[in-house]
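Here the structure is laid out as C-alpha coordinates; the discussion comes afterwards.
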(Lines of atoms letter the chains of each structure in order from A and count residues from 1; the text may use other names and numbers.)
(Lines give C-alpha, C1' and ligand atoms only; values in the text may rest on other atoms or scores of the structure.)
Protein backbone atom coordinates (compact mmCIF):
# COMPACT_ATOMS: atom_id res chain seq x y z
CA UNK A 1 0.00 0.00 0.00
CA UNK A 2 1.30 3.46 -0.84
CA UNK A 3 1.34 5.64 2.30
CA UNK A 4 1.28 9.39 1.89
CA UNK A 5 3.56 11.06 4.39
CA UNK A 6 2.92 14.46 5.98
CA UNK A 7 3.12 17.45 3.68
CA UNK A 8 5.28 20.42 4.53
CA UNK A 9 2.50 22.90 3.96
CA UNK A 10 -1.25 22.86 3.60
CA UNK A 11 -3.84 25.46 2.81
CA UNK A 12 -7.37 25.28 4.14
CA UNK A 13 -10.49 26.49 2.41
CA UNK A 14 -13.55 27.69 4.30
CA UNK A 15 -15.68 24.95 5.76
CA UNK A 16 -18.83 23.88 3.94
CA UNK A 17 -22.06 22.79 5.61
CA UNK A 18 -21.55 19.92 8.05
CA UNK A 19 -17.85 19.74 7.09
CA UNK A 20 -14.72 20.96 8.75
CA UNK A 21 -12.06 22.89 6.81
CA UNK A 22 -11.08 21.39 3.45
CA UNK A 23 -7.31 21.02 3.42
CA UNK A 24 -5.44 20.70 0.13
CA UNK A 25 -1.87 19.62 0.43
CA UNK A 26 0.54 18.65 -2.25
CA UNK A 27 2.51 19.98 -5.19
CA UNK A 28 2.10 20.78 -8.88
CA UNK A 29 -1.46 19.73 -9.42
CA UNK A 30 -1.34 16.48 -7.43
CA UNK A 31 -3.23 16.92 -4.18
CA UNK A 32 -4.07 14.68 -1.26
CA UNK A 33 -7.52 15.65 -0.03
CA UNK A 34 -8.76 15.22 3.50
CA UNK A 35 -11.83 16.53 5.26
CA UNK A 36 -11.78 17.09 8.96
CA UNK A 37 -15.23 15.97 10.15
CA UNK A 38 -17.05 18.04 12.71
CA UNK A 39 -18.45 16.27 15.67
CA UNK A 40 -18.16 12.54 16.14
CA UNK A 41 -15.25 10.43 14.91
CA UNK A 42 -17.44 7.79 13.25
CA UNK A 43 -17.48 6.80 9.56
CA UNK A 44 -17.92 9.55 7.00
CA UNK A 45 -21.38 9.87 5.59
CA UNK A 46 -22.17 8.84 2.00
CA UNK A 47 -22.45 12.56 1.16
CA UNK A 48 -18.94 13.20 2.44
CA UNK A 49 -17.51 10.15 0.65
CA UNK A 50 -19.14 11.28 -2.58
CA UNK A 51 -17.68 14.76 -2.10
CA UNK A 52 -14.29 13.16 -1.58
CA UNK A 53 -14.45 11.70 -5.07
CA UNK A 54 -16.19 8.36 -4.78
CA UNK A 55 -16.85 5.36 -2.59
CA UNK A 56 -13.25 4.13 -2.66
CA UNK A 57 -9.88 5.87 -2.85
CA UNK A 58 -8.18 5.68 -6.27
CA UNK A 59 -6.04 2.64 -6.97
CA UNK A 60 -2.43 3.80 -7.16
CA UNK A 61 -0.76 1.54 -9.71
CA UNK A 62 0.60 1.66 -13.23
CA UNK A 63 -1.47 -0.04 -15.96
CA UNK A 64 -0.71 -3.67 -16.72
CA UNK A 65 2.44 -4.04 -18.79
CA UNK A 66 3.85 -0.60 -17.92
CA UNK A 67 6.18 0.66 -15.21
CA UNK A 68 7.66 3.73 -13.57
CA UNK A 69 11.41 4.30 -13.59
CA UNK A 70 13.02 5.62 -10.41
CA UNK A 71 16.04 7.93 -10.76
CA UNK A 72 18.57 5.06 -10.67
CA UNK A 73 16.64 3.13 -13.31
CA UNK A 74 16.22 6.23 -15.46
CA UNK A 75 19.97 6.90 -15.24
CA UNK A 76 20.75 3.32 -16.29
CA UNK A 77 18.31 3.55 -19.20
CA UNK A 78 19.83 6.86 -20.31
CA UNK A 79 23.31 5.31 -20.40
CA UNK A 80 22.02 2.33 -22.35
CA UNK A 81 20.21 4.48 -24.91
CA UNK A 82 23.27 6.72 -25.22
CA UNK A 83 25.47 3.71 -26.04
CA UNK A 84 23.04 2.51 -28.72
CA UNK A 85 22.52 5.95 -30.27
CA UNK A 86 26.28 6.62 -30.36
CA UNK A 87 26.66 3.46 -32.47
CA UNK A 88 23.90 4.60 -34.83
CA UNK A 89 25.60 8.00 -35.21
CA UNK A 90 28.96 6.33 -35.79
CA UNK A 91 27.41 4.72 -38.85
CA UNK A 92 26.12 8.02 -40.20
CA UNK A 93 22.41 7.88 -39.34
CA UNK A 94 20.22 10.96 -38.85
CA UNK A 95 17.42 11.04 -36.28
CA UNK A 96 13.72 11.45 -37.08
CA UNK A 97 10.55 11.39 -35.01
CA UNK A 98 6.97 10.46 -35.89
CA UNK A 99 3.65 10.75 -34.00
CA UNK A 100 2.77 8.10 -31.44
CA UNK A 101 -0.67 8.08 -33.11
CA UNK A 102 -1.13 6.72 -36.62
CA UNK A 103 -4.21 6.27 -38.76
CA UNK A 104 -5.55 2.78 -38.17
CA UNK A 105 -5.40 2.01 -41.89
CA UNK A 106 -1.67 2.78 -41.86
CA UNK A 107 -0.99 -0.08 -39.44
CA UNK A 108 -3.46 -2.82 -40.30
CA UNK A 109 -2.38 -5.53 -42.70
CA UNK A 110 1.34 -5.11 -41.99
CA UNK A 111 1.98 -7.32 -38.97
CA UNK A 112 0.50 -10.75 -39.67
CA UNK A 113 -0.77 -12.35 -36.48
CA UNK A 114 0.66 -9.40 -34.54
CA UNK A 115 -2.18 -7.21 -35.85
CA UNK A 116 -4.40 -8.39 -32.99
CA UNK A 117 -2.00 -6.66 -30.61
CA UNK A 118 -2.54 -3.18 -32.07
CA UNK A 119 -4.06 -0.66 -29.64
CA UNK A 120 -6.99 0.80 -31.56
CA UNK A 121 -8.68 3.99 -30.35
CA UNK A 122 -12.26 5.17 -30.58
CA UNK A 123 -13.34 7.48 -33.39
CA UNK A 124 -11.45 10.75 -32.84
CA UNK A 125 -13.49 13.35 -34.71
CA UNK A 126 -13.78 11.35 -37.90
CA UNK A 127 -10.39 9.64 -37.79
CA UNK A 128 -9.86 6.02 -36.76
CA UNK A 129 -6.55 6.00 -34.92
CA UNK A 130 -4.21 3.49 -33.31
CA UNK A 131 -1.07 3.64 -31.19
CA UNK A 132 2.01 2.76 -33.20
CA UNK A 133 2.98 -0.91 -32.99
CA UNK A 134 6.56 -0.44 -34.13
CA UNK A 135 8.76 2.24 -35.73
CA UNK A 136 9.19 0.54 -39.11
CA UNK A 137 5.72 1.06 -40.59
CA UNK A 138 5.65 4.75 -39.55
CA UNK A 139 9.08 5.13 -41.20
CA UNK A 140 7.76 3.63 -44.43
CA UNK A 141 4.75 5.96 -44.27
CA UNK A 142 7.12 8.90 -43.67
CA UNK A 143 9.21 8.00 -46.73
CA UNK A 144 6.18 7.62 -48.99
CA UNK A 145 4.44 10.75 -47.71
CA UNK A 146 7.55 12.90 -48.23
CA UNK A 147 8.63 11.15 -51.47
CA UNK A 148 12.04 10.26 -50.01
CA UNK A 149 13.93 7.57 -51.91
CA UNK A 150 17.23 7.48 -50.01
CA UNK A 151 17.83 7.85 -46.28
CA UNK A 152 19.81 6.42 -43.37
CA UNK A 153 17.93 7.11 -40.16
CA UNK A 154 17.62 6.11 -36.53
CA UNK A 155 14.59 6.49 -34.30
CA UNK A 156 14.30 5.95 -30.54
CA UNK A 157 10.73 6.08 -29.21
CA UNK A 158 8.01 4.21 -27.34
CA UNK A 159 5.69 1.75 -29.06
CA UNK A 160 2.58 -0.04 -27.80
CA UNK A 161 1.36 -3.61 -28.04
CA UNK A 162 -1.66 -5.20 -26.38
CA UNK A 163 0.49 -8.19 -25.50
CA UNK A 164 0.50 -10.50 -22.51
CA UNK A 165 3.33 -8.84 -20.57
CA UNK A 166 6.20 -10.70 -18.91
CA UNK A 167 7.96 -7.89 -17.05
CA UNK A 168 10.68 -10.08 -15.54
CA UNK A 169 11.80 -10.89 -19.09
CA UNK A 170 11.55 -7.33 -20.33
CA UNK A 171 8.26 -7.70 -22.23
CA UNK A 172 5.87 -4.79 -21.73
CA UNK A 173 2.86 -3.22 -23.40
CA UNK A 174 4.63 0.14 -23.52
CA UNK A 175 8.29 -0.05 -24.41
CA UNK A 176 11.12 1.65 -26.25
CA UNK A 177 12.39 0.60 -29.64
CA UNK A 178 15.73 1.72 -31.05
CA UNK A 179 15.71 1.38 -34.84
CA UNK A 180 18.37 1.88 -37.50
CA UNK A 181 17.30 1.68 -41.16
CA UNK A 182 18.85 2.23 -44.58
CA UNK A 183 16.42 3.15 -47.36
CA UNK A 184 17.37 3.33 -51.03
CA UNK A 185 18.49 1.38 -54.07
CA UNK A 186 22.00 0.04 -53.43
CA UNK A 187 24.13 -2.92 -54.47
CA UNK A 188 22.95 -6.20 -52.88
CA UNK A 189 23.78 -7.08 -49.29
CA UNK A 190 26.08 -4.13 -48.52
CA UNK A 191 23.50 -2.27 -46.33
CA UNK A 192 22.32 -5.61 -44.91
CA UNK A 193 25.86 -6.47 -43.81
CA UNK A 194 26.23 -3.09 -42.10
CA UNK A 195 23.02 -3.65 -40.10
CA UNK A 196 24.43 -6.95 -38.82
CA UNK A 197 27.72 -5.23 -37.99
CA UNK A 198 25.79 -2.67 -35.93
CA UNK A 199 24.07 -5.43 -33.93
CA UNK A 200 27.45 -7.07 -33.33
CA UNK A 201 29.00 -3.77 -32.18
CA UNK A 202 26.20 -2.91 -29.76
CA UNK A 203 26.00 -6.34 -28.12
CA UNK A 204 29.79 -6.53 -27.86
CA UNK A 205 30.08 -3.03 -26.35
CA UNK A 206 27.37 -3.73 -23.75
CA UNK A 207 29.14 -6.93 -22.62
CA UNK A 208 25.92 -8.83 -22.13
CA UNK A 209 27.51 -12.26 -22.51
CA UNK A 210 27.85 -14.66 -25.42
CA UNK A 211 25.40 -14.19 -28.27
CA UNK A 212 24.60 -15.44 -31.74
CA UNK A 213 23.00 -13.55 -34.63
CA UNK A 214 20.71 -15.85 -36.61
CA UNK A 215 20.17 -14.99 -40.27
CA UNK A 216 17.81 -16.32 -42.90
CA UNK A 217 15.98 -15.04 -45.98
CA UNK A 218 12.25 -14.95 -46.60
CA UNK A 219 12.88 -15.96 -50.22
CA UNK A 220 14.64 -19.14 -49.02
CA UNK A 221 11.74 -19.91 -46.68
CA UNK A 222 9.19 -19.28 -49.42
CA UNK A 223 11.19 -21.57 -51.70
CA UNK A 224 11.18 -24.26 -49.01
CA UNK A 225 7.40 -23.95 -48.65
CA UNK A 226 6.95 -24.11 -52.41
CA UNK A 227 9.05 -27.27 -52.93
CA UNK A 228 7.30 -28.87 -49.95
CA UNK A 229 3.88 -28.41 -51.55
CA UNK A 230 2.54 -25.45 -49.54
CA UNK A 231 0.12 -23.20 -51.49
CA UNK A 232 1.41 -19.63 -51.91
CA UNK A 233 -1.60 -18.31 -49.99
CA UNK A 234 -0.33 -20.25 -46.97
CA UNK A 235 3.26 -18.95 -47.04
CA UNK A 236 2.75 -16.19 -44.45
CA UNK A 237 0.70 -18.33 -42.00
CA UNK A 238 3.33 -21.07 -42.34
CA UNK A 239 6.03 -18.47 -41.66
CA UNK A 240 4.29 -17.37 -38.47
CA UNK A 241 4.18 -20.98 -37.29
CA UNK A 242 7.83 -21.71 -38.11
CA UNK A 243 8.73 -18.54 -36.19
CA UNK A 244 7.70 -20.33 -32.97
CA UNK A 245 10.49 -22.91 -33.29
CA UNK A 246 12.73 -20.95 -30.94
CA UNK A 247 10.08 -21.29 -28.19
CA UNK A 248 8.49 -24.73 -28.72
CA UNK A 249 9.76 -28.09 -30.08
CA UNK A 250 9.23 -29.12 -33.71
CA UNK A 251 6.48 -31.57 -32.78
CA UNK A 252 4.26 -28.71 -31.56
CA UNK A 253 5.04 -26.59 -34.60
CA UNK A 254 4.22 -29.52 -36.90
CA UNK A 255 0.97 -30.14 -35.06
CA UNK A 256 -0.09 -26.48 -35.49
CA UNK A 257 0.77 -26.58 -39.20
CA UNK A 258 -1.47 -29.58 -39.74
CA UNK A 259 -4.30 -28.92 -37.28
CA UNK A 260 -4.60 -25.10 -37.54
CA UNK A 261 -2.95 -24.05 -40.80
CA UNK A 262 -4.39 -26.88 -42.88
CA UNK A 263 -1.13 -28.26 -44.27
CA UNK A 264 -0.87 -31.94 -45.08
CA UNK A 265 1.24 -34.09 -42.72
CA UNK A 266 3.54 -34.92 -45.65
CA UNK A 267 4.15 -31.22 -46.42
CA UNK A 268 4.82 -30.51 -42.74
CA UNK A 269 7.34 -33.35 -42.55
CA UNK A 270 9.16 -32.07 -45.64
CA UNK A 271 9.28 -28.56 -44.15
CA UNK A 272 10.74 -30.03 -40.96
CA UNK A 273 13.67 -31.51 -42.89
CA UNK A 274 14.71 -27.99 -43.90
CA UNK A 275 13.78 -25.65 -41.03
CA UNK A 276 15.78 -27.58 -38.45
CA UNK A 277 19.04 -26.95 -40.34
CA UNK A 278 21.58 -24.33 -39.27
CA UNK A 279 25.20 -23.62 -40.10
CA UNK A 280 27.30 -21.26 -42.19
CA UNK A 281 28.71 -21.06 -45.69
CA UNK A 282 28.88 -24.85 -45.86
CA UNK A 283 25.10 -25.09 -45.38
CA UNK A 284 24.52 -22.43 -48.04
CA UNK A 285 26.62 -24.43 -50.51
CA UNK A 286 24.74 -27.60 -49.54
CA UNK A 287 21.36 -26.00 -50.23
CA UNK A 288 22.57 -24.55 -53.52
CA UNK A 289 23.16 -28.15 -54.56
CA UNK A 290 19.82 -29.36 -53.19
CA UNK A 291 17.98 -30.96 -56.14
CA UNK A 292 14.66 -29.33 -55.21
CA UNK A 293 15.67 -25.90 -53.86
CA UNK A 294 18.18 -25.33 -56.66
CA UNK A 295 15.30 -25.54 -59.14
CA UNK A 296 13.28 -22.88 -57.30
CA UNK A 297 14.11 -19.43 -58.68
CA UNK A 298 13.15 -17.49 -55.56
CA UNK A 299 15.09 -19.77 -53.20
CA UNK A 300 18.13 -19.71 -55.50
CA UNK A 301 18.15 -15.89 -55.46
CA UNK A 302 17.94 -15.90 -51.68
CA UNK A 303 20.76 -18.42 -51.31
CA UNK A 304 22.93 -16.42 -53.72
CA UNK A 305 22.42 -13.26 -51.67
CA UNK A 306 23.03 -15.17 -48.44
CA UNK A 307 26.38 -16.39 -49.80
CA UNK A 308 27.30 -12.81 -50.74
CA UNK A 309 26.22 -11.60 -47.29
CA UNK A 310 28.54 -14.10 -45.60
CA UNK A 311 31.41 -12.89 -47.78
CA UNK A 312 30.84 -9.32 -46.57
CA UNK A 313 30.44 -10.44 -42.94
CA UNK A 314 33.77 -12.24 -43.26
CA UNK A 315 35.36 -8.93 -44.31
CA UNK A 316 33.77 -7.29 -41.26
CA UNK A 317 35.25 -10.08 -39.11
CA UNK A 318 32.01 -11.11 -37.41
CA UNK A 319 31.09 -14.48 -38.94
CA UNK A 320 32.04 -16.19 -35.67
CA UNK A 321 28.80 -14.84 -34.20
CA UNK A 322 26.60 -15.48 -37.26
CA UNK A 323 24.46 -18.59 -37.82
CA UNK A 324 22.49 -19.31 -41.00
CA UNK A 325 19.35 -20.75 -39.37
CA UNK A 326 16.43 -21.92 -41.49
CA UNK A 327 14.09 -21.94 -38.48
CA UNK A 328 14.26 -18.13 -38.28
CA UNK A 329 11.07 -16.75 -39.84
CA UNK A 330 10.22 -13.38 -38.19
CA UNK A 331 6.42 -13.28 -38.13
CA UNK A 332 5.87 -9.79 -39.59
CA UNK A 333 4.26 -9.67 -43.03
CA UNK A 334 6.43 -6.93 -44.51
CA UNK A 335 9.77 -8.78 -44.66
CA UNK A 336 10.82 -9.67 -48.21
CA UNK A 337 14.47 -10.75 -48.04
CA UNK A 338 17.21 -11.17 -45.43
CA UNK A 339 15.95 -11.46 -41.84
CA UNK A 340 18.00 -11.68 -38.65
CA UNK A 341 17.66 -11.98 -34.90
CA UNK A 342 20.24 -11.75 -32.08
CA UNK A 343 19.88 -14.14 -29.14
CA UNK A 344 21.84 -14.26 -25.89
CA UNK A 345 23.26 -17.73 -25.32
CA UNK A 346 24.23 -17.40 -21.68
CA UNK A 347 24.64 -14.83 -18.97
CA UNK A 348 27.66 -13.88 -16.96
CA UNK A 349 27.09 -15.65 -13.64
CA UNK A 350 29.55 -13.54 -11.68
CA UNK A 351 26.80 -11.84 -9.68
CA UNK A 352 23.81 -14.03 -10.47
CA UNK A 353 22.89 -17.42 -9.07
CA UNK A 354 21.45 -18.62 -12.38
CA UNK A 355 21.25 -17.38 -15.96
CA UNK A 356 18.50 -14.99 -16.93
CA UNK A 357 15.94 -16.15 -19.47
CA UNK A 358 15.59 -13.08 -21.69
CA UNK A 359 15.29 -14.27 -25.31
CA UNK A 360 16.10 -12.28 -28.43
CA UNK A 361 17.63 -8.83 -27.94
CA UNK A 362 17.65 -7.52 -31.52
CA UNK A 363 15.99 -8.28 -34.83
CA UNK A 364 15.31 -6.92 -38.27
CA UNK A 365 15.49 -7.56 -41.96
CA UNK A 366 14.78 -6.34 -45.47
CA UNK A 367 11.38 -4.95 -46.42
CA UNK A 368 11.50 -3.81 -50.03
CA UNK A 369 7.74 -3.59 -50.61
CA UNK A 370 6.49 -1.74 -47.53
CA UNK A 371 6.98 1.85 -48.76
CA UNK A 372 5.23 0.96 -52.02
CA UNK A 373 2.11 -0.01 -50.04
CA UNK A 374 1.71 3.69 -49.14
CA UNK A 375 2.50 5.11 -52.59
CA UNK A 376 -0.40 5.82 -54.94
CA UNK A 377 1.57 4.43 -57.88
CA UNK A 378 3.12 1.59 -55.89
CA UNK A 379 6.67 2.95 -56.26
CA UNK A 380 8.97 0.90 -54.09
CA UNK A 381 11.87 2.07 -51.94
CA UNK A 382 14.07 -0.86 -50.85
CA UNK A 383 14.78 -0.81 -47.11
CA UNK A 384 16.66 -2.84 -44.53
CA UNK A 385 16.88 -2.18 -40.83
CA UNK A 386 17.43 -3.45 -37.32
CA UNK A 387 15.62 -2.88 -34.02
CA UNK A 388 17.47 -3.21 -30.73
CA UNK A 389 15.39 -4.82 -27.94
CA UNK A 390 16.21 -2.15 -25.42
CA UNK A 391 13.75 -3.30 -22.73
CA UNK A 392 15.14 -6.82 -22.60
CA UNK A 393 18.70 -5.54 -22.47
CA UNK A 394 17.66 -3.09 -19.75
CA UNK A 395 16.18 -5.96 -17.71
CA UNK A 396 19.53 -7.78 -17.85
CA UNK A 397 21.54 -4.72 -16.84
CA UNK A 398 19.06 -3.74 -14.12
CA UNK A 399 19.12 -7.17 -12.46
CA UNK A 400 22.89 -7.39 -12.83
CA UNK A 401 23.32 -3.97 -11.18
CA UNK A 402 20.96 -4.91 -8.34
CA UNK A 403 22.78 -8.20 -7.72
CA UNK A 404 26.19 -6.51 -7.66
CA UNK A 405 25.13 -3.94 -5.06
CA UNK A 406 26.80 -1.20 -7.10
CA UNK A 407 25.36 2.28 -6.58
CA UNK A 408 24.61 4.22 -9.75
CA UNK A 409 24.79 8.00 -9.75
CA UNK A 410 21.47 9.57 -10.66
CA UNK A 411 22.76 13.11 -11.23
CA UNK A 412 25.77 14.67 -12.96
CA UNK A 413 26.51 17.33 -10.33
CA UNK A 414 30.21 18.16 -10.28
CA UNK A 415 30.46 20.63 -7.39
CA UNK A 416 28.53 21.31 -4.20
CA UNK A 417 28.80 24.90 -2.98
CA UNK A 418 28.98 24.81 0.82
CA UNK A 419 29.43 27.19 3.76
CA UNK A 420 30.77 26.37 7.25
CA UNK A 421 29.13 29.20 9.21
CA UNK A 422 25.75 30.87 9.50
CA UNK A 423 24.51 33.92 7.56
CA UNK A 424 26.45 33.06 4.38
CA UNK A 425 23.56 32.19 2.04
CA UNK A 426 24.32 35.24 -0.13
CA UNK A 427 27.93 34.08 -0.55
CA UNK A 428 26.79 30.63 -1.60
CA UNK A 429 24.27 32.00 -4.10
CA UNK A 430 26.81 34.34 -5.69
CA UNK A 431 29.39 31.57 -6.04
CA UNK A 432 27.00 28.96 -7.43
CA UNK A 433 25.73 31.50 -9.96
CA UNK A 434 29.30 32.01 -11.18
CA UNK A 435 29.71 28.24 -11.58
CA UNK A 436 26.42 27.84 -13.45
CA UNK A 437 27.33 30.73 -15.79
CA UNK A 438 30.62 28.96 -16.52
CA UNK A 439 28.77 25.75 -17.49
CA UNK A 440 29.74 23.82 -14.37
CA UNK A 441 27.11 21.49 -12.92
CA UNK A 442 26.65 22.62 -9.32
CA UNK A 443 24.23 22.31 -6.42
CA UNK A 444 23.72 23.76 -2.95
CA UNK A 445 21.42 22.74 -0.12
CA UNK A 446 18.14 24.64 0.14
CA UNK A 447 18.67 25.86 3.71
CA UNK A 448 19.86 29.24 4.93
CA UNK A 449 22.30 27.84 7.46
CA UNK A 450 23.01 24.15 6.80
CA UNK A 451 25.59 22.38 8.92
CA UNK A 452 28.86 21.73 7.09
CA UNK A 453 28.82 18.05 8.02
CA UNK A 454 25.40 17.58 6.38
CA UNK A 455 26.61 19.33 3.25
CA UNK A 456 29.67 17.10 2.97
CA UNK A 457 27.59 14.01 3.73
CA UNK A 458 25.29 14.96 0.84
CA UNK A 459 28.32 14.97 -1.46
CA UNK A 460 29.29 11.46 -0.38
CA UNK A 461 25.74 10.12 -0.59
CA UNK A 462 25.17 11.43 -4.12
CA UNK A 463 28.68 10.97 -5.54
CA UNK A 464 29.52 14.67 -6.04
CA UNK A 465 33.30 14.74 -6.51
CA UNK A 466 34.11 18.31 -5.37
CA UNK A 467 32.93 20.74 -2.71
CA UNK A 468 33.59 24.50 -3.00
CA UNK A 469 33.55 25.85 0.56
CA UNK A 470 33.29 29.58 1.18
CA UNK A 471 33.41 30.79 4.79
CA UNK A 472 34.13 34.08 6.55
CA UNK A 473 37.91 33.56 6.35
CA UNK A 474 37.78 32.56 2.68
CA UNK A 475 35.73 35.67 1.86
CA UNK A 476 38.27 37.86 3.68
CA UNK A 477 41.22 36.22 1.86
CA UNK A 478 39.54 36.20 -1.58
CA UNK A 479 39.82 32.39 -1.92
CA UNK A 480 37.57 29.34 -2.05
CA UNK A 481 38.43 26.12 -0.25
CA UNK A 482 38.17 23.30 -2.81
CA UNK A 483 37.66 19.87 -1.26
CA UNK A 484 38.18 16.53 -2.99
CA UNK A 485 35.29 14.54 -1.53
CA UNK A 486 36.92 11.12 -2.08
CA UNK A 487 40.32 11.95 -0.51
CA UNK A 488 39.02 14.72 1.80
CA UNK A 489 42.00 16.88 0.86
CA UNK A 490 41.37 20.63 0.83
CA UNK A 491 43.27 23.46 -0.83
CA UNK A 492 42.64 27.21 -1.02
CA UNK A 493 42.15 28.44 -4.58
CA UNK A 494 42.09 32.15 -5.53
CA UNK A 495 38.53 33.07 -6.47
CA UNK A 496 39.50 34.17 -10.00
CA UNK A 497 41.23 30.81 -10.67
CA UNK A 498 38.53 28.58 -9.18
CA UNK A 499 36.67 27.79 -12.41
CA UNK A 500 39.88 26.83 -14.27
CA UNK A 501 40.95 24.62 -11.36
CA UNK A 502 37.57 22.85 -11.23
CA UNK A 503 37.71 22.20 -14.97
CA UNK A 504 41.25 20.85 -14.67
CA UNK A 505 40.25 18.44 -11.93
CA UNK A 506 37.19 17.25 -13.84
CA UNK A 507 39.12 16.42 -17.01
CA UNK A 508 38.90 12.68 -17.83
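The backbone N, Cα and C atoms fix where each Cβ goes, and this holds for glycine too.
Feature list (source: TrEMBL):
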type    : residues                                    : note
BINDING : 134, 135, 136, 161, 177, 181, 330, 334, 335 : L-histidine binding site
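Structure with TrEMBL features highlighted.
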residue : record                   : Cβ neighbours (10 Å)
134     : L-histidine binding site : 19
136     : L-histidine binding site : 26
177     : L-histidine binding site : 19
330     : L-histidine binding site : 22
335     : L-histidine binding site : 26
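Considering only the residues assigned to L-histidine binding, 134, 135, 136, 161, 177, 181, 330, 334, 335, the longest pairwise Cα distance works out to 21 Å.
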